[in-house]
Amino acid sequence: MQIKIGEIESKLNKIIEEEGAAYFVLIDPDEKNYREIANHVKDYADAIIIGGSIGIINLDEVTKDIKEITGLPIILFPGNVDGVTKEADAVFFMSLMNSKNTYWNMTAPTLGALTIKKYGLETLPMAYLGIEPISKTAVGFVGEVNEIPQKKPEIAGLYSLSASYFGMRWAYLEAGSGAEYPVSNEMVGISKKLSGINIIVGGGIRTPEVAYEKVMSGADVIVTGTLTEKDPQAVVEMKKAIKKAGLDKLKMLSKK
């Protein structure tokens with residue numbers, strides 16, 4: 001049986017292939033000013049990720065609002081089995097591979113699978129990898145993450161390779177929301193080189209310069225969330241840096 005890639009994933013792959021990198025903005029549905037954030041980012045992001053909260057209220061309404069405001073692909077990033085709504089376009093069907101708790105590795109996605117099928121959501125199979133300093137953030141605490149040390153980039157590379165063998169097409173290297181520092185360039189590069197799948201990098205990316213470095217190191221997607229909440233206008237320069245890096249990376253690869 002041939003594996004079918006859905007419309008949203010195909011669209012994102014095309015952006016990555018033609019522009020070298022994509023920019024996703026993470027919006028927390030619990031943010032009171034989510035409509036304002038959505039209005040600010042709609043002309044700059046390639047897709048919107050919704051999620052990251054515990055005990056989300058009014059997820060259907062929030063997702064519908066953001067979709068209507070932005071007109072962009074809406075991808076769910078569930079913090080638990082209750083983080084799914086039929087109002088989205090797709091969902092990251094993910095495993096927190098380096099959690100110490102099997103609930104986050106496999107049980108949670110298994111429990112949510114039937115709801116996803118019922119809603120007809122497109123699934124993007126993804127390895128979610130918690131990278132130092134994620135243990136100091138909410139997701140690290142809740143997800144009981146056995147964080148991957150920054151000084152051991154090859155471990156993230158092996159997880160990403162393992163994910164590709166499991167059939168996952170995306171790996172998210174996550175330092176955590178509001179992290180003190182981002183995933184290292186070396187770790188990004190090794191993960192991309194070993195796995196060949198789409199590498200998403202998020203957490204601690206506060207400046208366009210850092211975003212540029214991550215893309216040039218091998219990142220296919222950059223995610224910002226906390227930065228966007230604090231300064232919605234920051235997405236303008238962030239997009240410029242990501243897209244410039246994407247084109248520069250394509251030129252560099254074409255010469256090899």
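Cβ coordinates come from backbone N, Cα and C, glycine included.
Quick look at what Swiss-Prot annotates:
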type: BINDING; residues: Asp28, Ser53; note: Mg(2+) binding site
type: BINDING; residues: Tyr172, Leu173, Glu174, Ala175, Gly176, Ser177, Gly178, Gly203, Gly204, Gly225, Thr226; note: sn-glycerol 1-phosphate binding site
Exercise. Relative to the Cβ position of Gly204 (sn-glycerol 1-phosphate binding site), how many further Cβ atoms are located within 10 Å?
Worked result: 23
Exercise. How many Å separate the Cα atoms of Gly178 (sn-glycerol 1-phosphate binding site) and Asp28 (Mg(2+) binding site)?
Worked result: 13
Problem set entry | DSSP state at Thr226 (sn-glycerol 1-phosphate binding site), helix/strand/coil | helix
Exercise. Taking the Cβ of Glu174 (sn-glycerol 1-phosphate binding site) as reference, which residues of that chain separated by at least 6 in sequence fall under 8 Å from it?
Worked result: Tyr128, Leu129, Gly130, Ile131, Ile134, Val139, Val183, Gly202, Gly203
Exercise. If you count Cβ atoms within 10 Å of each one, which of the binding-site residues Gly176, Gly178 comes out on top?
Worked result: Gly176
Problem set entry | Around the Cβ of Tyr172 (sn-glycerol 1-phosphate binding site), the count of other Cβ atoms that are within 10 Å | 27
Problem set entry | Alpha-carbon spacing, Gly204 (sn-glycerol 1-phosphate binding site) to Asp28 (Mg(2+) binding site), which is rounded to whole Å | 16
Problem set entry | Neighbouring C-beta atoms (10 Å sphere around the C-beta of Thr226 (sn-glycerol 1-phosphate binding site)) | 20
